[in-house]
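Quick look at what TrEMBL lists:
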type	residues	note
DOMAIN	659-854	domain 'YrdC-like'
TRANSMEM	12-35	transmembrane segment
TRANSMEM	47-69	transmembrane segment
TRANSMEM	75-93	transmembrane segment
TRANSMEM	130-151	transmembrane segment
TRANSMEM	157-180	transmembrane segment
TRANSMEM	187-203	transmembrane segment
TRANSMEM	248-271	transmembrane segment
TRANSMEM	277-297	transmembrane segment
TRANSMEM	513-531	transmembrane segment
TRANSMEM	547-566	transmembrane segment
TRANSMEM	571-590	transmembrane segment
TRANSMEM	602-624	transmembrane segment
Amino acid sequence: MAGFAAVFYSEPAVLGLLGNVVSAFLLCLQNFAVAQSGLRPRGAEDILAGVHLVLIGGFVQLLAGFLAFRKYDHLGGAAFLTFSALWSSYGATRIVSAAYPSPQNTTLPAGNGSHLLPLGAAQLSASQSAVAGLVAYISISFVLCFCSATVNYVMPFIFGALALALVFEAVALFCQWALVVSGAIELVIVTCGLYGAVALLLKGITQRYVLPGFGHPLFNVLLLGSAQKSSSKAIGEEKKKNTKYAEPMALGNICDTVSPFIFAFYFFGYMKTFCVGAVWISIISSCQLLSSFYSYLRGDAYHTTKFGVHSLYWLVMSWEEFILTAFLGLPRAQESRLGMFGGWFFLATACTLFLMSTHKDTLETLQNASFVILTTAFIHQIPLPGAQPLLGTACSLCTALSLYATFASLINSIGEKALIPVGAQAVSSSALQTALVALKALLTSTKELPGGTGAAVPDALFYICNGLAAASAIQGGLGDPGRQQLSIPSVLIPGAVGQLYVCRIQAWGGRRFGSVLPFCYAAFWAAWAWLRLAGHLLNIGAGNTEGFTAGSVAFLVLNAFLIILASSFNVVLLCVTLAMELLSICFLLFTLESLPLPFEIVVLSIFSILCFYGATASLANCMFGKDLLMMGPPLFTAGSSKKDTQDPPPCVCPQSHCTSGLRTIAELLNTGAVCGVPTDTVYALAASCKHPQAIEKVYRIKDRPQEKPICIFISNLDQLRAAAPPISPLLWEFMENVYPGGVGCIIQKGEWLKKLGVGAGYSRVGTQDSIMIRVPDLTVLVHLIDMTGPLAITSANPSGEVDSTHHDMVISRLGHKLEGVLCDGESDEVVASTVVNCTKIDESGITIVREGCIPAGKVMQIFERVKNRVL
């Protein structure tokens with residue numbers, strides 16, 4: 001299996017809440033101590049406090065956020081990773097404050113942070129510079145507080161108290177009286193957090209809610225609105241439902257709220273240096289890379305690319321401003337900035353993302369439009385008067401849209417409906433695809449695309465990282481140390497750090513060559529930044545570059561092999577590797593002091609253009625699952641096909657998308673065979689209820705104990721109504737709300753099952769008194785049941801082993817015992833359905849027998865809503 005089922009992770013919120021509790025308690029003690037003594041912590045005391053905040057509030061909640069995403073907890077994943085970034089940033093601020101104490105009683109000049117006196121003469125304290133970050137997290141905390149009220153009634157108090165504590169922590173940087181208020185609020189965080197952690201810990205141990213507070217929200221999320229007919233989740237190229245990981249869009253939007261907010265403070269003149277700002281943005285941008293990573297795990301090419309690009313953008317811009325304010329200053333840097341061209345590549349990438357988002361909702365399109373405006377304002381070659389207020393305004397616009405997008409994505413993810421309006425599509429998916437195909441035809445003079453042009457999800461990021469590094473590496477001359485110094489972040493961060501991230505996700509996907517290429521190119525751009533841009537700072541120059549000369553020769557040889565491998569993929573990748581060979585030659589000539597600079601500029605420009613086209617084509621092709629933009633066929637392919645050497649399958653294995661495949665499996669089932677079939681959860685073994693001997697065979701195939709009952713699947717509730725079972729209105733209403741889906745209801749057994757079509761298999765399904773019935777949410781299986789009647793279903797795995805999540809697993813483990821397997825690729829889930837006992841629903845409610853792909857809390861929430869409506 002690719003990973004553990006979500007249900008295998010107990011309650012990661014315990015870890016997250018305890019991280020908040022310990023961090024708040026530490027701040028509470030410090031605040032009361034300072035309020036009593038009047039002496040703020042300094043030196044080693046501040047450093048130790050910062051380390052504790054980073055390790056406990058940061059690292060512990062980081063782990064909680066990872067597990068919450070894996071448990072399909074939208075709110076927990078976003079909240080814990082957000083507060084992980086908050087506590088880590090606040091702790092790092094204390095460490096910086098202790099390491100670089102600011103001068104006392106300094107009169108600060110008015111105006112923008114670029115108009116500076118030398119560092120140390122007019123520097124805000126590191127703590128005061130953190131106000132921008134604190135205010136940003138305050139707004140996020142209030143949003144998380146409101147959203148958590150739709151899930152339970154403990155977390156709203158914790159997140160709300162966190163927001164208020166941050167308010168007074170910010171005030172306390174200027175007014176000491178606020179320390180007492182902040183400390184008192186932090187005691188509330190400690191109390192509520194401990195209660196919540198204990199309640200969830202007991203729930204994880206006992207598998208039921210012992211203490212109140214969880215499982216029931218303060219108010220129903222559906223009260224916020226009604227589902228829109230044109231739900232944003234049904235727009236565009238969305239593939240089949242994926243519930244293996246929580247949706248990372250809220251986390252990505254949170255990051256796009258915090259980073260531009262800090263920049264807005266800086267550009268409007270409230271921060272005079274960007275040292276602390278760079279630290280805060282670096283930490284939250286790392287979280288944005290995580291949102292990109294989880295988008296990749298969900299197979300979402302668009303958000304993988306978008307969040308990856310935004311993370312790189314905030315990192316590059318923040319460290320460029322840090323170098324500017326801490327080392328150079330505006331007068332020295334303004335002329336140097338005119339020779340920097342990395343911003344143009346960011347602008348082109350932002351325009352591509354804007355184009356690709358036009359077939360999504362209006363809010364997504366507006367977000368990308370604001371990013372285009374922001375990247376335009378950052379272009380150094382555009383001489384706009386009042387550029388700093390323009391940048392501040394653009395950052396404010398980006399912040400406002402991202403904050404609303406955070407709220408909308410969280411609520412819509414929790415409710416699994418478009419409750420918060422996000423607008424309709426600006427352009428239909430078909431119209432955008434038609435436009436891209438027309439562009440391809442214009443470029444190639446043909447509407448037929450050669451084969452072998454498919455792209456994988458992270459390919460666009462690979463091209464973007466290389467293209468940005470190349471565009472930023474263009475230097476108009478060799479004698480401007482300021483330009484070289486300012487260019488270090490825009491070459492090193494995307495070229496090395498960004499590509500190491502690409503390498504990681506390529507390796508995760510099992511693409512061995514795909515992980516080798518970004519790793520090698522990351523090393524190249526790191527060496528480029530080290531020698532070409534930072535050489536004057538490291539005293540590397542003429543006479544001591546022999547090691548770089550040898551390294552460039554070695555890379556030339558290595559890249560020659562990469563060229564050969566790239567020729568088996570597509571023409572664009574081949575051209576990129578060829579251009580990299582020319583760049584390696586430029587690097588070698590520089591170490592030999594024989595570099596013709598115009599030649600290097602031309603090669604870097606061509607390399608950037610190739611990467612931009614590769615990024616656009618890869619993103620478009622991945623988003624729509626079609627070869628819309630040409631990347632060219634491979635020059636040669638591997639030798640023999642695997643199909644020639646594969647052994648024939650041990651049973652009939654038709655494809656699910658073919659009508660003939662459904663008919664084949666239906667005919668087998670109707671004759672008493674046992675077959676493997678896909679469901680809306682994991683793969684299952686199916687037998688016709690008309691053939692009791694087939695159900696007996698299921699027990700033998702699985703080595704299943706006879707005392708374990710087998711459930712039945714029907715295609716819709718209308719079949720059940722036709723059988724007229726003695727079901728109460730409350731149970732009917734509950735079934736209406738959970739079917740079709742991954743919930744199975746155990747109800748009283750009776751003669752009505754024979755009217756349903758169970759027939760001779762009546763005694764072999766369910767128990768003597770009860771039976772579990774489920775209506776699957778999978779079109780293929782519903783059509784199959786319509787052909788065969790009710791099916792006896794159990795998971796397609798030997799008893800005691802993990803579930804089968806791909807038809808290959810069924811074939812390899814049980815194929816020799818089956819008559820057929822309906823092949824449908826990877827399953828939607830990695831865990832089976834949730835089983836609910838409804839036999840006493842009118843007397844004592846429902847009981848969760850087994851928690852599966854649908855969380856028990858959500859099932860109970862549905863039941864309470866139905867109960868309140870019916871009774």
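A Cβ is built for glycine as well, from the same backbone N, Cα and C atoms used for every other residue.
With a cut-off of 8 Å between Cβ atoms, the residues of this chain six or more beyond the transmembrane segment (277-297) that come close are 65, 69, 77, 81-82, 84-85, 88-89, 92-93, 96, 129-130, 132-133, 244-246, 248-249, 251-252, 254-256, 258-259, 262-263, 265-266, 271, 303-308, 310-312, 314-315, 318-319, 321-322, 457-458, 461, 501, 504-505, 508-509. Among residues of the same chain six or more beyond the transmembrane segment (75-93), those with a C-beta under 8 A of the stretch's C-beta atoms are 12-13, 16, 19-20, 23, 49-54, 56-62, 64-65, 68-69, 126-127, 129-130, 133-134, 137, 140, 144, 147-148, 151, 155, 159, 162, 166, 246, 248, 250-251, 254, 258, 276, 279-280, 283-284, 286-287, 290, 294, 410, 414. The stretch with the most CB contacts under 8 Å to the transmembrane segment (157-180), chosen from 12-35, 187-203, 513-531, 571-590, is 12-35. Under the criterion of 3 or more C-beta pairs below 8 Å, with sequence separation of 6 or more, the transmembrane segment (130-151) and the transmembrane segment (12-35) do not qualify as touching, having fewer than 3 such pairs. In the predicted model, residues of the domain 'YrdC-like' (659-854) average a pLDDT of 89.
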